[in-house]
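Asks: This is the feature table in TrEMBL:
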type	residues	note
DOMAIN	13-222	domain 'Lon N-terminal'
BINDING	G375, P376, P377, G378, V379, G380, K381, T382	ATP binding site
REGION	584-612	region 'Disordered'
COMPBIAS	584-606	compositional bias 'Basic and acidic residues'
DOMAIN	642-826	domain 'Lon proteolytic'
ACT_SITE	S732	active site
ACT_SITE	K775	active site
Amino acid sequence: MSSNSGIQIPSRLPLLCTHDGVLLPGSTMRISVDTARNMQLVKSRLLKGTSLKSTIIGVIPNTRDPEHDSDELPSLHSIGTAGLAVQVVGSNWPKPHYTLLITGLCRFRVTKLLREKPFLVAEVEQLDKLEQYTEGDQADGELGELSQRFYQAAVQLVGMLDMSVPVVAKLRRLLDSLPKETLPDVLASMIRTSNKEKLQVLDAVDLEERFKKALPLLTRQIEGLKLLQKTRKLRPDDDKRVLAIRKGGVFPGRQFSLDEEGEDEDGDDTAVLEKKVKAAAMPEAALRVCLKELKRLKKMPESMPEYALTRNYLEMMVELPWSKSSKDCLDIRAARVLLDNDHYAMEKLKRRVLEYLAVRQLKSTLKGPILCFVGPPGVGKTSVGRSIARTLGREFHRIALGGVCDQSDIRGHRRTYVGSMPGRIINGLKTVGVNNPVFLLDEVDKLGKSLQGDPAAALLEVLDPEQNHSFTDHYLNVPFDLSQVLFIATANTTATIPPALLDRMEVLQVPGYTQEEKVEIAHRHLIPHQLEQHGLTPQQLQIPQDTTKDIISKYTREAGVRSLERKIGAICRAVAVKVAEGHKVSRAESPAEQHAEQNTENKEEGSGITAPPEMPIVIDPIAPLKAILGPPVFEMEVSERLTLPGVAIGLAWTPMGGEIMFVEASRMEGEGQLTLTGQLGDVMKESAHLAISWLRSNAKTYLLTNGSADPLEGTDIHLHFPAGAVTKDGPSAGVTIVTCLASLLSGRLVRSDVAMTGEITLRGLVLPVGGIKDKVLAAHRASLKRVIIPKRNEKDLEEIPPHVRADLDFVFASTLDEVLNAAFDGGFPAAVSHPQVVSKL
């Protein structure tokens, strides 16, 4: 590379054809390589070469359209730039390509093409002498005058830019340190010029001609900046920030570009963001934080990773409804009508909503209540929350909490984390756009806990009326007022809700529906909805109330109405098939009519004609219902199950609603052991031992000894609770176990229409239990006639519908003696009656 005359480039150079720019001596640019010849040059020359000579290549501008490029050799430009490959970066997406970082050294002319494949190699003649830039000879005459004018114009251009920007200050220093002969190439590569204009500068081999070509370009750039400054006089602080330099300089890896439009747009965008911040009407603390972040954003280059984070934060802050709220609809009559139209029954929930509306009329600054609807699945907890929002005229947002095990879902992530974002509460407020929506926290009893924290503990601040006026999300890091939000939580049970969280909510029990309520709900809401979903009309399908009752009693056994709606949907699908095919619904007819109809159908089938179905199609509760839904899933077999002694019916509460539960006992010769089966919990096992102990201590009183002092002498007892695969626990089965064992030991049958519930003590007292309404409704569904409940649960009957109370005979027992007398026909007399001693303490 060296000779006696000075620094020289090799006489043979591999050529790189570029489409997207013109490399000038003294500048640095990135070149994307994706054509076959250029890719082969990079692989063979740059990646495998080990000497400095192998990193020098010739860059030739290619004027052909790259989309129509082919393997044929393009017409080469006669003059190119020898460049030093500083960096090579490869990538396979979206297609294999390389990105080269090349610094221009000098011009050359192609004298002879030596090789075309696999890449171009040519014999070149060096036009610029590298050593002339280091000799420091001063030009005179016209050339000296041109160079001086060009230097002054360059200084004027840099003076119009913001010197506080590091790259502008570096450019100013370069103007003083670089030889004036290099300025046309350096400045032409920085200012905003077209590839055609740069090509003219490249072709200007004579230095004087080069100054003449580049000077008008520099003058045009100065005039453009002057015009831009005039249009931005309304912003005196930014007079000198006409920044148009987005990418580097002449040092390797960066290049100047005076693109004023991009900066102008960014400056206007920042100003728009500032206006939004001031117009958001946020509290003083939040406004102070936003202005501070906005000030940092203005000083921050766009290339910094924190720029996007700060901008996203400010956009989130301005989008939050700090002071925007919706107007409540406080018409109590209209609210009552709307709630009654949307939901049947649920009187307690409706009354609570109307109470809130009444208080809001009297006091406009009432904080939003925090309600918790607890009830079995399918009773309408979520849908009634949506109806409450519509009644109040508020926005509605549902947050599903089932399975959430990270507190960041509630409080958000701190902005120091990559990919940080606010929690679901703040995101929900941003979505609805008002600060007083109805938030439904669905399945709050199914929150989890993990190493990322306890979301139930994070909800303590959200659901506390004394704290949520200054809820602080980790992402925002400023307080936000949640006191106007109406929070409604839903749960199937309160057992899994932490006590501290449960204490902050007003719990409203949503019990299961009675059969009559289900029939009414089906004909008011479910059947019309399913008819609409399946494209049917009431003139095509009719489901009588008797059929609905059969579906409820024989095909569904649940507290809600989800299974009922699915069964109605199955009927609609079956009828839709018949309507679409034009078949008649089969009906029970006389044999003669059936034979005649069959002959008619055979004739129609033979002629290819299908008879349309008779309208409307009425679903009979016997034949069509069984043909569509199959045989009944549930049957009323209570009377059949109580044909042997040692069987009693208890009442149990489950998250799905109340259920009847059979308790079976058998005896055999043995050593007086008690065997318990049926997946019982510790409490139920203790209730069984209590029952055995009470019966053994009162065996003589109720004539259960059979000639021996201990009824269990020489006898083993097996107590079973079907179904065996279902886990059971709780104290409510105490009276049922006593009745079952008393029936077994006495040989008498328990009444088949009696169900019971209650906790027992060793003294024979009956203590109150929970879930009375669900248990009574389960007994009513099972067609039982008498229900034995603790005396102290008599107050709970007020929640039971009047028609259910009228159908059942309630026995309120305070002692086991009263339970046994009510459970057996003719009573359960004792040999010696013990008068009850009333405490005088």
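Backbone N, Cα and C atoms are what each Cβ position is placed from, and that goes for glycine too.
Just so you know, TrEMBL annotations are computer predictions that nobody has curated.
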Asks: Roughly how many Å lie between the Cα atoms of P377 (ATP binding site) and K775 (active site), rounded to a whole value?
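Replies: Answer for this pair: 16 Å between alpha carbons.
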Asks: What is the total of other Cβ atoms whose distance to the Cβ of G380 (ATP binding site) is within 10 Å?
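Replies: That number is 24.
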Asks: Using a Cβ-Cβ cut-off under 8 angstroms and a sequence gap of six or more, which residues of the chain neighbour K381 (ATP binding site)?
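Replies: Non-local contacts for K381 (ATP binding site): F373, G375, T490, V510.
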Asks: Can you tell which of T382, S732 has the least company, meaning the fewest other C-beta atoms within 10 angstroms of its C-beta, among these recorded positions?
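Replies: Ranked by other Cβ atoms within 10 Å, the recorded positions T382, S732 bottom out at T382.
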Asks: Express the predicted model's confidence over the domain 'Lon N-terminal' (13-222) as a mean pLDDT, rounded to an integer.
Replies: 83
Asks: Among the binding-site residues P376, G378, which residue has its Cβ surrounded by the fewest other Cβ atoms within 10 Å?
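Replies: If we count Cβ atoms within 10 Å for the binding-site residues P376, G378, the smallest count is at G378.
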Asks: Considering the binding-site residues G375, P377, which residue's Cβ sits among the greatest number of other Cβ atoms within 10 Å?
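Replies: Ranked by Cβ atoms within 10 Å, first place goes to G375.
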Asks: Far apart in sequence but close in space: which same-chain residues, 6 or more away, have a Cβ under 8 Å from K775 (active site)?
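Replies: Non-local contacts for K775 (active site): L651, A652, W653, G658, S732, A755, T757, V787, I789.
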Asks: Centre the Cβ atoms of G375, P376, P377, G378, V379, G380, K381, T382, go out 8 Å, and tell me which other residues of that chain have a Cβ in range of the ATP site.
Replies: F373, T490, N492, V510, A559, G560
Asks: For V379 (ATP binding site), just count the other CB atoms lying within 10 A of its CB, please.
Replies: 26
